[in-house]
Amino acid sequence: MEHTRFTVRNFSSYTTVVLGLGLVSVGFGTLDLIMIAPKGLDQVAAVGQAEVLISAIYAVFIGVVDVFGSRLAIAEGEGLTWRRLPVLATALLLLLIPCQIIGVALGLGVEPLLRVTGQKAELIPLVGDYVQVRTYAIALVLGYMILSESLKICGLKNLSAVNLLFGFAMNALFNWVFLNTDASRLFDSPAAAVATATLVAQGLMALSGGIVLVRQLRSRPESFARPERQAVLAEFRSMTRTAPGVGLRHFNDYMGTTIPLLFIGTLGVVQLAAATVATKIYTLFCRVPQACFAGSFVFYGYALGDRSSDLTRTVRKMRLYAAVPTAVATAVTVLAAPWLVEAFASPGLDRDLAQSLLFAYLLYIPAYFFEQIFGEMLTVHQRGGLLFVSSTVVTYALTIPLAWYAVFVLDSTFLAVACKGIPTAVLALVFWRALRRRERIDKNPAESEMSLA
């Protein structure tokens, strides 16, 4: 199939669409804050805090999306989607059952957690409303994410973009309806209303995306095969073993970024404000390499499935295609740093400090690049255990202690950010060695992983 061929055009087209999707996705949270702003500062604060919690919770469940996506990409590369997708989809439906149970449990535990951590009493029920709505329907959210990923993997990335824009418009519409009409009486709080609006939009995107995907796949020459019970159970067991490790790696990454910011907050408002601005700019910058990593993830899966492809050559080209946009984006960010900081600045911001912290983030981009791209390749190989163990050890034995030392001993905001380069480089080395080890033990040259020498 044409979309599985690894060419500059296909890779750049895919990553460009993913970049656009990422930027639009940022708008969902921003839209919620804009729509709820007239309802009061407490509501805005509650939604902002709830989004932080939701990001941490969803990070764990993203492993399900990654595992499903990698297996679908391999099936596309093999040309066996007609046979593999029914098995994968049925196993996924089984896996969503425990995910839903865990989501409900997490939602129920939010308010007690907020009380134990001493959060403001008036915000606790509002944050709880928002988080519970979003977690009680975790199966629906994961379904939407997986269908969106499937559209891109199956050569329908442009339709995936259209679907997201449709969802954004629906989110805005339902935000307005649930906040400003008689429908608002259905909700315990405005926070619950905007959470429900997001959920409805995601449900509509899941429905429309699913219809488009099934119709497009049915137009292919091959007909879907009926999944065998044993194949489904084997796939379910395999997904259950792998997905938690991949998801917890994402959670560890999130904690490794969030906790150092909490440490920086103890140094004062000036330092925290500068770190927040630098982090916002860096997060937007990361959309570029993350789009490249997403492309690498999918095209590596295609190549792994296509037994006739030269995997070593593909990996080398893949690294180059991902490295060039990342390097360009880094250079542009460095040159534009003063203007970027100014664009996000508020009265009283220490602009020089914000700029230096942005540079601290960019210092370890080379290590970040290899850690992420090798991590994506290991995800395709279903190495959830390795990803979980290595990221857990590095995050809690290196990343967080180094940030603590930089803040509370050295009193340095710059080092608190820059020191993350050390654990990132360690992870890159661990992942590289794992891939080299897999190459050495692979006895079939056609399925050889890569040559990183």
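Placement of Cβ uses the backbone N, Cα and C atoms for every residue, glycine included.
Listed in TrEMBL for this protein:
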- 12-36: transmembrane segment (TRANSMEM)
- 56-74: transmembrane segment (TRANSMEM)
- 86-110: transmembrane segment (TRANSMEM)
- 130-147: transmembrane segment (TRANSMEM)
- 159-179: transmembrane segment (TRANSMEM)
- 191-214: transmembrane segment (TRANSMEM)
- 254-275: transmembrane segment (TRANSMEM)
- 281-300: transmembrane segment (TRANSMEM)
- 320-341: transmembrane segment (TRANSMEM)
- 353-374: transmembrane segment (TRANSMEM)
- 386-407: transmembrane segment (TRANSMEM)
- 413-435: transmembrane segment (TRANSMEM)
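Between the transmembrane segment (353-374) and the stretches 254-275, 320-341, 413-435, it is 413-435 that has the most C-beta pairs under 8 angstroms. When Cβ distances are compared across the two stretches, the transmembrane segment (12-36) makes contact with the transmembrane segment (191-214), since 3 or more pairs at least 6 residues apart fall below 8 angstroms. A contact links the transmembrane segment (254-275) to the transmembrane segment (386-407), because at least 3 Cβ pairs that are 6 or more residues apart lie under 8 A. Proximity of the transmembrane segment (191-214) to the transmembrane segment (386-407) is not established, fewer than 3 Cβ-Cβ distances being under 8 Å for residue pairs spaced 6 or more apart. Taking Cβ pairs closer than 8 Å, the transmembrane segment (386-407) reaches residues 244-246, 248-249, 252-253, 255-256, 259-260, 263-264, 266-267, 375, 378-379, 413, 415-416, 419-420, 422-423, 426-427, 430-431, 434 in its own chain, all 6 or more past its ends.
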